[in-house]
Every structure is written in structure tokens, then in C-alpha cells.
Amino acid sequence: MEKWDGNEGTSAFHMPEWMKQEFNKRPTKIGRRSLSRSISQSSTDSYSSAASYTDSSDDETSPRDKQQKNSKGSSDFCVKNIKQAEFGRREIEIAEQEMPALMALRKRAQGEKPLAGAKIVGCTHITAQTAVLMETLGALGAQCRWAACNIYSTLNEVAAALAESGFPVFAWKGESEDDFWWCIDRCVNVEGWQPNMILDDGGDLTHWIYKKYPNMFKKIKGIVEESVTGVHRLYQLSKAGKLCVPAMNVNDSVTKQKFDNLYCCRESILDGLKRTTDMMFGGKQVVVCGYGEVGKGCCAALKAMGSIVYVTEIDPICALQACMDGFRLVKLNEVIRQVDIVITCTGNKNVVTREHLDRMKNSCIVCNMGHSNTEIDVASLRTPELTWERVRSQVDHVIWPDGKRIVLLAEGRLLNLSCSTVPTFVLSITATTQALALIELYNAPEGRYKQDVYLLPKKMDEYVASLHLPTFDAHLTELTDEQAKYLGLNKNGPFKPNYYRY
């Protein structure tokens, strides 16, 4: 055993011979350029292997230029690589374990086939959780065709598994804008098949049908929409008198707002930032733009990690909530020079402008937790004087002429689903809500729903919540007849009026 010189302390450590040999093998000089390249390369490799099989393929050929068939001989799909199906199937099976309500719904209702005859065209994130939803809809009798609502969130191996199972899926990670609309069109424009239900996330599918195939709405029974952005578009159509079918606003159902938007973002914001930047949160100054349910989740997570969190808001009620929760309410201009991270979650456009970007400190991280890529003015950064440098998957350095750089994540698109994953259990809640909304609209007698936007019935919200309680071995208290009469309630619910704010 090698010895330490006790009189000299640790500085007098005599290096063992084997250590000297290993040390001497290493290069004594390394240029800054090659060092940064080696770090970037190793970071990219670790990201790719950890995140998904999606990024592991070296094949740069566009899926649109490939001729692929599944094992049954069908070519009615377009994915990155159908050979990844086995990996995707494993991911779907893992997701099923964390989606108890959806699996329970599949088991209870597949005998009745409440969606028999339904032809659902969908445009959502294509993940393992979405696959469980799609296969549940299929088990309940529906035919489905699917595209992705985000060019970065598709898991290629999951898309392959769905295609192998016979689902016409048109999506892959890293689509161009042209690819994005082409995939949607391939779902909608197919000979001998016309949708009668729409499941949308962001409103792009609905917009495309209105723009290109308006006559299809004669046979469509309804739209189910789950995002803030998409719901906003639906209300605009309704206000203008252009909404020609009933629509279900899933985004504002209690189970979506309080669980997917709040609890999901509370966990996934940290995951997305860690995977892309490897940063430490303690002591960092962060500004979160927007204090809705998504903003609340982001702020709570960052505060718990020791970050100093500022909030911007336009709504005085949300602003007061932020203040009462211990956050400093500011205008973005007041803190833009000092913050380390800027996070948008408003659903608005141009929340972070070129002027803000110009004033940010060196190495400021900029990202978006809203559905649409409109919140950060990324287009203003594509100018000749700025240099873009890809660091790793979904991470870009945008460099100013004076050497200042910002770290832009996912090119301003949705951070958590573009750069990491989201908790499966929470998505079970949203997916079950979507499935029930589709069943409700599809089976509703003519006249129950007019050409307007509706919220999910309160009883259905409560049913979704109740399906998830057994996971926690939770035991609900039941009202006595006397208590129910006193409160003026049915013993089985609904337990709150529609105007109640949870």
C-alpha cells in the first residue's frame, strides 16, 4: 500500500507508479475547441441512450422517401423505422402499468363497444401513453388514424409499434413544417375512409380540415380538444359562428387542469431542464411567465429546489395568487438582465421578444412550457448576425457578435415532451378524460349538443378521479342519507356545482 507523509498533509501524497503510468497516457494539452467538442459529443451520446431509441438511428433518409411494410403487409403508415416496433411495444407495456383507469375502462367497456363505427382522426403527442389511449379506443370499437401535434415529441419506436399493430400512424421525431402538414393530410385525405370524430391537441388538425376539407364536417359528430391553444381557437370559431359541430373542451375539465397541467408540469419541468442542460437549480434566478396551472407547477418545483423565482402575469387574480404563494411579481423587463432561466407558459404570442433576448445575460436558458411555439420570438433570432450552434439534441446556442450566447431549448417548442418525458400516471387521467369525452359525443342523441364548446359533465370528472384512487389504496368516505339530504346532494355525486373552483 502506498503511504502518505503525515507531516506534509495531503499535498505530499506520493503518486503510485500505476497512477503515474495512467496519468502519462493522457494528453497533456488539449485545445479548447476539441475539449468542447468532446464534451458535447459525450453529452449527446448519453442523452440519446437515456431518452429514447428515437435518436439512436443514423439513417437520415426522410420517412416519406422510404417504402416500409409491417408484418401484415400493410404500408398505410409513415414512421422512422418499422423495425423499432419491438422496442416500442415494451414501452407501451410499461406505460400500461401506470395507466390504471384507462386499462379499467378498456376492460369494462370493450364488451359493449361504445365506439363501434367511430372513425377517429387524431393529432396529439405520439408517446407510449398515447399508444395506450389509441389501443383502448380500438378495443372499444373505433378505427383510428393518427398524426403528431409536435415535430419533436414523437417517440419513433412507439410510432413503429403502433404501425406494426395496424394503426395508420404518420409521425416521426424531427419533422419539418412541411412534413407536419403532410402527415396530417395523410390522416385525413384517404380514399374510402372519412372521419366522424376528431381528437385534437392544439387545434392544427381541426384547422386543416376547416381549411382543406370543410365538407367533411357534414359527417363529423364532434371535436375533443385538450390544449389551451386549441380550446382558444374553438371559442374563436364559436364566437364567429363558424363552429359547425359540437366540441368538448377537455383542457378546462378539472381532471386535466388540476392534474395534467399542474402536477405533470411540476415534475416534468425539472426533468426537461436537467436532461438538456445538466444544470443545478439551487440559487438560480428564474422568471416564469404566466401563473396558470402550468406556471404554478413550474414555480412550485423550482422553489422547492432552491431557485429564486419571479413571476410575470396579466391577470390580477393569478398575480395575487403568486404573491400569496411567496413569489415576486415583476415585469419581464425588470429582471431580464439578471435571470438565469426564462420559462414561458402563457399560451400567448411574443411573450419573449427579440428586445428581451438581446438584453439577457450570457448563458441564460430560454424555454417554453406552453403548447405552441409562439411564446418566444424564435424567428427574430434567425438573422445573419447571430450564429446558431447545435450542442446536443434539442439544445442550441444562439451566439451574438460580442460572444454572448443564450441556450435555447427545443427551438421554443414544448419543453417537457420535446426534451424529456412526462409522468405516465398523470397522462392516464387526461387520456381517460379524452376517451370518455369521445364516447359521450359519439353516443349523444341528436340535439343534446349544439354547435358550441362544452365542458365535460362534472359526474364524468369525478368518475375519472375515482378510477385512479385504488392505486393509492385510498378509501372514500360515503355520505349518510341524512348528510346527503342536508347538503342537497345525491349520495353518488356530483358533489360540487359546475361553478365550483377546486
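Each Cβ is built from the backbone N, Cα and C atoms, and glycine gets one as well.
Quick look at what TrEMBL lists:
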BINDING   T127, D201, E226, K256, D260  substrate binding site
BINDING   G292, E293, V294, G295, K296, G297, E313, N416  NAD(+) binding site
COMPBIAS  26-35  compositional bias 'Basic residues'
COMPBIAS  36-55  compositional bias 'Low complexity'
DOMAIN    261-422  domain 'S-adenosyl-L-homocysteine hydrolase NAD binding'
REGION    1-75  region 'Disordered'
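When the binding-site residues G292, E293, N416 are compared by Cα distance to T127 (substrate binding site), the shortest distance belongs to N416. Same-chain residues at least 6 positions away in sequence with a Cβ under 8 Å from that of G295 (NAD(+) binding site) are, in sequence order, V288, C289, V311, C318, C345, T346, M369. Note on V294 (NAD(+) binding site): other Cβ atoms within 10 Å of its Cβ, all shown chains, come to 28. Neighbour density for N416 (NAD(+) binding site): within 10 A of its CB lie 26 other CB atoms from the protein chains shown. Annotation for E226 (substrate binding site): spatial neighbours T124, D200, D201, V250, N251, K256, T430, Q434, criterion Cβ-Cβ under 8 Å with sequence separation of six or more.
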